[in-house]
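Quick look at what TrEMBL annotates:
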- 167: active site, charge relay system (ACT_SITE)
- 200: active site, charge relay system (ACT_SITE)
- 377: active site, charge relay system (ACT_SITE)
- 660-682: region 'Disordered' (REGION)
- 660-670: compositional bias 'Gly residues' (COMPBIAS)
- 870-933: domain 'SLH' (DOMAIN)
- 934-993: domain 'SLH' (DOMAIN)
- 999-1056: domain 'SLH' (DOMAIN)
């Protein structure tokens, strides 16, 4: 955002990109030149730090995606949608376009995230540290008193705490992490196995939780559970969509602490909302400040680079997400040869809460070994590990409690100051230096001290500023177990006014609060009151209480309580011309809503960017081509949020001689006619739901878009019509389309079908007729002729099965076990069973792959005049078999057959063709004729249609590009893959949607093929497959007919 850029430019003086002679007609604005502090010249975001062809959108309550040029996918958190579009379209243009959509609350890029790069420099180890190898491996824990914390938190207590590590995954097979890993998720590859393929996440996890294998290497909190959430690929790159979904996963699965040794390429509003959501659940969030600085040059003691070439000192600000207020930001320190501590050469500054050892940290490596790494990535899990120990000691400690404890117990002694150091990009007052608080925060974390030093907790009693300028707080001194510490320290209530324009929070203006704001604790408690006066029309106020801890050698530490914050940012500038399409050159006037302050603008055209500023009087700009205008206000050292305008400029038209003009049409709603009889005497009804009602329903929190076609009259024909663009709007919000009539309920899952043109009309039709006599069957319902069309053209089949609930007359049913939904083959006149799930209310639900004519029928017992049933309900050779119940139920539903009328041969191998035929029959799959040809699946093969129907549904594939191997026995791992794919097809889910709540591991997991491992885990977690009694999965063993029947039965139970 421009706001964030202005802060960066005020601090870092980013060079302007203006070319010589570049100008735009302006009046009242000063065009900024090189070296000034009032200009922003970059785009609103760094193009290299965003994902092309994607934006993230938060819609308002009554909105959906109406853009025909995009594909939309809803977030795990339903507030957000990710829109995908042609990468040739500029993200800035798409954002500006969405910004003018009244249905959009806000839109932003999908930002790239990256690991906070770690260094593995053996030369550094030798140069900085002396002493034994054993000391080097443990120096970080020894320096912070974290080498042995068993006196404060036992292993059994640690085992009750879960840390979500959002990183590159974890080496699942590392000996030192065995028993520490709980189910997580791979958001990069979309499966439940968050296996590390980089090494960064494994190193981070080991710092927190590794168990001692050789007696010397162990984590801060042995026994704690690691929840690996893979948001970075093998190169250490991911995006904000994946990170937000990971935060949602961690919250849903009750993580206690989240470690983020990662950075993001921009300030994401959507990510911040996800962070605040997790924080509101008292999850402790810890993140790395970043590694982009260089504090030590030439031969200075903290130098980690090559001294002869490292001669420029520069600094970078804390990365997001560490920069968010709700996150504990961790910087890194290294140990000098004299055992003092200095800020790590690379550690970023600004919003830093605490520091921890981050140079040459020894921890677990990918592949089972160990390695030294350096970075704030390594410092962060040190702090997260201490947070785990605190949480293990007292689970009632909230996120803010733990932050206060970490900051209160940190020590700033022996930290080398950076005062007096000159930085090449800190040259404009007041930001010309790096203070200790900017670099070290409150200091170096301390293990035992965190459990021994009390903290001051501030709780508002009266604090509704600015409604009342009187504020009152209770101040209580508490220990780690939330017991009051009966001490009598003097405590003071302090107020500060935050300034966006400075880095050093010690430079924020403070103000005296007068009588009542300073008192002594009585038995560990007191009440503090103050009047907050002289506030402005914009303010960022934070209040906290302080107390002083006396030091043994004299002097004291001043500690702060938690803070209470009040924020009202200034309004954006007033712009005279609203976004829109205009003809010819336009004048845009920009003025301030205040008498004071300063205005900033950035005008982006197709090939240039202009920036400038003015005082509160403002000025005007001439707009001559398509442009994006971004404006912001600076008032009382606070920036407003950006305001963005998009102008499309058309050239003036030349009026033709003798020409005239015409007018345009308007819009309309819906005029709904009641049911009536048609020419054939059939009671008919057409529902045309008002578009505004559909839009409101799309914006609701429901997971379905309901079209209610129920009437008082009994209908013979029903039609439902609506605009085709409603379909992608519903799909983009992950909503099912549900049509309810007096008799039917039809539920289209998201992405059941696509529309060809959003300007067309969709029509659903249901015609009901009495069922004629059908040989071998008793009709329990009418015949329902269902169709769906787009602009009159039938939609022949569905990408995902449509769930339809049909009514039936219970008085016409003799044996409910023989009841099912059947479809009519109009060419042959045959009725084919589709199964179905009857209810006691007289309804039955079936999954339909396409629309046709359907009826609820009861299969009649065989008689001399009727054809015999194709198979028995039970078989002689399964009477004592473990799979007997499942085989009998599938046989009753006509989904499996015996090899003859009396035998099933449950322990015989099942072929690939046989198993796929079972799946196709159970899911009513039909081939659309689009699949490629396997050379070993001939046109006349009995399994031809089943193989190709399953292949088109992405349930099965060949053993190679050209062969299916239909007669080969299906292996257990092949069966697991097919079953999971069938489950995904039937439920409309993706593999990434599956949340496995129980970790399932087999002793022979290493022998499972790479392509099958994630599916085997998913099938095990879903309860579809089991291992052997010996704890093996036996992936290459053939599956038996009994095993196939059981997993099919289980899968059908999951999708009903």
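Numbers run from 1 along the shown chain.
Glycine is treated like the rest: Cβ placed from N, Cα and C.
Counting other C-beta atoms within 10 Å of each candidate's C-beta, the active-site residues 200, 377 are led by 377. Per DSSP, the secondary structure of the domain 'SLH' (934-993) breaks down as 28 helix, 2 strand, 30 coil. According to DSSP, the secondary structure content of the domain 'SLH' (870-933) in residues is 23 helix, 2 strand, 39 coil. Residue 167 (active site, charge relay system) carries a strand DSSP state (E or B).
Averaged across the domain 'SLH' (999-1056), pLDDT for the predicted model comes to 79. Secondary structure at residue 200 (active site, charge relay system), as computed by DSSP, is helix.
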